[in-house]
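Enquirer: The structure follows.
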């Protein structure tokens, strides 16, 4: 733990601080996936693959090539974005569950690659990664990403993303370049995946390929869908719930995963479109505004 | 050695195919990736284990009983976790619900049976036959024969019976089938029941063949079977069979002649390649999309 | 209208959840504070944190470890605790995941105020926790991490297992000279760090002694289909199969070998120690599996004997290596605290580092100057009549 965090720990329990940092990282990762799956509607079940690329690349760059923290993070994210671009290309031909399978396969290939990757320590993993990530950096980056995401989704391009999700053919017929935008969504989403991975590896001190398995991808997907597809507040809420729920459920000890599984089912039954399905920040503002008007009238 | 490895691959592949059939049938009708399917397969394996070791059932009786048990389990899962979601939510919500069920069921079994691997008693004495240089074991013959039988039976049911006709109708258009007077909910329940029964049969056979079952066996098997179903063209029954068999053979041949370290990467790489060349899978039909 | 109602529901639900979670947070905090008050009245018990998984893939190592630790703590308290203070164990399940163990280690240190943590059985996980322990100046004592780069993290980091780098050369020597095995097959469990770290140790030792590796292969931990690997092995002409993974896969490999009519001895490290090896393998592992470790229930040491009896009485099952090593770890920590007359990690860690010839239930332990444990002798264990059976004891030659 470094200086700034040490100062914070005087006021916050380090245990909560740790959870808050992980929450920040999860929000960044989930927002990336939200862009691909939530907003553009391209089901990706391999987000942990991008995360591992970012985590390994940035860790190796800062450990062995003396990159500065920021440069390592950006480089890791850029490499992940490049692979996101590559995975985006098959979306031209594939859709729905076929695409999901390609993303699963891609993440598995990446995992197997790192299991055989000598500089990454194979299954032993990579340890001794400098711990640069702290509360301030994570949340500064997270807030920045949230702000950029909000702006993006409000823009013309953001609406085009939503249009692709709702109906690709209709979107194309209104002159939206669906091919370019889908690849763009994948690239941007995996950039955030790589960024989150870099933050993670520079926080955890130690990473190994099993950290980024299929279950991690599923966990991230849960965050996006549970909170509400395509909604930024929803994704944040989903990350919040799924980062904290396991901690809260620690009381029930070995029944924890039982409750976790049941929680997913129950939440989906009662809120089938996610807790904040398609609620956007500016929608909320509008809605509260309208409500005020209503009360005035009555 | 080649023929022996091919046989290994066929055996492994036919267990994938049995699980993949359940995925593909459910998908064909409700477009849901039933992630809990791997867990049903695991429950089937455990049900068989309990029947064989505590109640002294023989293999066939245990397999039939496990299939029956999993039918009920499959129907139950569908009623509790999927039906309330149907029609009022996106497919992805149902997917999360399925993941929830999967986590719930595997943890439940881990709590009941412990996290360790259990040995399957030897229900059939091990026996091997020599065909030239080829070693063929009784269990391998049995797995191939039972899988083939079940698949032919399924194909017959889907193509020739009334309920099969209803299933095919539902897979083409759920709403239209409903309007034509088909009890859609019953057809869906039935589909889950049949798919689950096939998974259970797969579970019992895998247990007997490898002498081992454990609570987390469903996860990876489910993923591989899903891959098989997609490769064959999801929704297509012959596709699931071909997809399962080819995935099994690819995996074994990858270990035998390429590199066992990259086994999964080879299998998934081939899968991606197949999908890039034929986006609808090996046997899938290309559906032109309309607005 | 409907949309409006729906989103209002969404807001309500969202609010409820947030409140519930916050309430959970604060009630937890209160509970923790309540605990702290309770502790004060008890006049500060000495707390030890348990690191290990009780669910998930590596729960097989954590669960017996936890039992061993519980027993050690009860034994200590029956003797009056450490320095007259009661000893208390804190147990959390880390599921074998890095992020979990990091959270738990932080929780132990900052909220439970433990003086030492015992665990984890896995090398990688131990490293994560060791880094946190070192930075917060709390002792961590691993009861199972056999890989490299553990105690190098810092002077608060200890472990008590038979290190592979010391044991393997002697074992290879025994294979070649006592058994006459010259052609080796090596199978690695690709996805576990323990195995990928152990394989090169074997490779080097075999090369150094002039043995020949005829085939190298890998499997994945957690899989059941090893047909292709065994078919390959059948045609390779190896005298012995060195398998560096865990017992579950060892049993399944031997099962498959037996089915394919391959008669070969499988030898590996202490990862093969687990009663599931026998339960799963039955006659396929009978005298066909050998592993080396620092613990044998056949050792005539009186400490081991008493431990096994008590353990069986309490848990109705045989102890395994992890129960014995966790038990020892707690006892060694207690000894260091007693000898140093302090429960301050900064003080008793130096006493701990001076440990010499401690007669534990898992063998004799001495810490070298670099805090690496030297355990002697090596026990070579096989399976006979459905029980683990001490085949031979060979001395460790540390260069």
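Note: Cβ is positioned from N, Cα and C throughout, glycine not excepted.
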Enquirer: Between B:187-210, B:211-234, B:235-258, I'd like to know which one TrEMBL lists as transmembrane segment.
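Expert: In TrEMBL, the transmembrane segment feature sits at B:187-210.
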Enquirer: Can you identify, from B:74-93, B:94-113, the stretch that TrEMBL calls transmembrane segment?
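Expert: The range carrying the transmembrane segment annotation in TrEMBL is B:94-113.
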Enquirer: Run the contact check on the transmembrane segment (B:40-57) against the transmembrane segment (B:138-158): 3 or more C-beta pairs under 8 Å, excluding pairs closer than 6 in sequence.
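Expert: No, the stretches stay apart by this measure.
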Enquirer: For the transmembrane segment (B:187-210), name the stretch out of B:12-33, B:138-158, B:265-283 with the most CB-CB pairs under 8 Å.
Expert: B:12-33
